Amino acid sequence: MINKLEADSLKIGKETLKSRLFIGTGKFSNNKKMPEIIHAGNASVVTVALRRVDQKSTEENILDNIPKDVILMPNTSGARTAKEAIRIAHLAKAMGCGDWIKIEVISDNRYLLPDNQETLLATEALVKEGFTVLPYISPELMTAKRLEDAGAAAVMPFAAPIGSNRGLRTKELVQILIDEIDVPIIVDAGIGRPSEAAECMEMGAAAVLVNTAVATAGNPLKMAEAFSLAVAAGRTAFLAGTGRVLSAGASASSPLTGFLRKEEA
Amino acid sequence: MSGGRAVAELNEQIIAKEVWPKTALKENDMLEIVTFMGGGSK
């Protein structure tokens, strides 16, 4: 059992990850605290967006605040079509920070739900170009199967709408993906509490990505640490195998003999 | 701008940094300069 736990590392593309927590870099009130927060969460992968340079902005470069020992996963946020996602992926790769790309194609501005069909088209094209592609999707089995067939390195279904902190609202659909898809399932978006991250991991998710839950916490540093512990606890529970659930009644945990009081005749 | 910090696209074609000094802009050229920013999703 010990060996099994020690050997429990997640491989994605060519990389072996040091943990199962991914962190997003949006909405932090102070980007200078990001290295500490990323370390507190023991995050293995950090996602960043690509945006037009604002010549007037004095904001420091985000890469200065990302530790060198994490994998950088640019995302295609802002893309509304496969074509735009592919264009953003090319720009991200030209930045020279590896070949990982999180495909995110969203044209629904109210719920920010991903467009699975365009995401599949972008994934097919970028896998052929040699990218390590992690598509963000609505949890839907046939889309996930097609993404897997297309060569996606992982599949990232949402728990709840982006930035909502509403928890694992898609539990049954995510469980189906975990059961039926061979590539790692990474739950992304909507996770608000460490207990929800632990739940994903207990179910057999390969990893969890959080951003808003940490960025909007009272103390982001402490919350990153809490997520790290929760993800590790949930993973260990998954490997241990949770105990059985009784459909009714009870089952004593102590022996039913040898009471201190006299045995009744 | 220091190396690896921004990427330029001229008329939707990525222009390698080495080529920047030799590239002149013409009228109606579409120049896009992008960089990484904080962002999880959307």
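Residue positions begin at 1 at the first shown residue.
Just so it is clear, glycine is given a Cβ too, placed from its N, Cα and C backbone atoms.
What TrEMBL records for A:11-255 is domain 'Thiazole synthase ThiG'.
Per TrEMBL, the feature active site, schiff-base intermediate with DXP maps to A:K102. In this view, A:K102 (active site, schiff-base intermediate with DXP) is surrounded by 30 other Cβ atoms within 10 Å of its Cβ, with every protein chain counted.
Annotation comment: TrEMBL describes A:G163, A:A189, A:G190, A:N211, A:T212 as 1-deoxy-D-xylulose 5-phosphate binding site. Reduced to three states, the DSSP call for A:T212 (1-deoxy-D-xylulose 5-phosphate binding site) is helix.
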Is any of the binding-site residues A:A189, A:G190, A:N211, A:T212 near chain B, in the sense of a CB under 8 A from one of its CBs, and if so which? A:A189, A:N211, A:T212
Over all shown protein chains, what is the count of other CB atoms within 10 A of the CB belonging to A:G190 (1-deoxy-D-xylulose 5-phosphate binding site)? 24
Binding-site residues considered: A:N211, A:T212; fewest surrounding Cβ atoms within 10 Å belongs to A:T212
Around A:G163 (1-deoxy-D-xylulose 5-phosphate binding site), how many other CB atoms lie within 10 A of its CB? 21
Can you tell me how many other Cβ atoms are located within 10 Å of the Cβ belonging to A:A189 (1-deoxy-D-xylulose 5-phosphate binding site)? 28
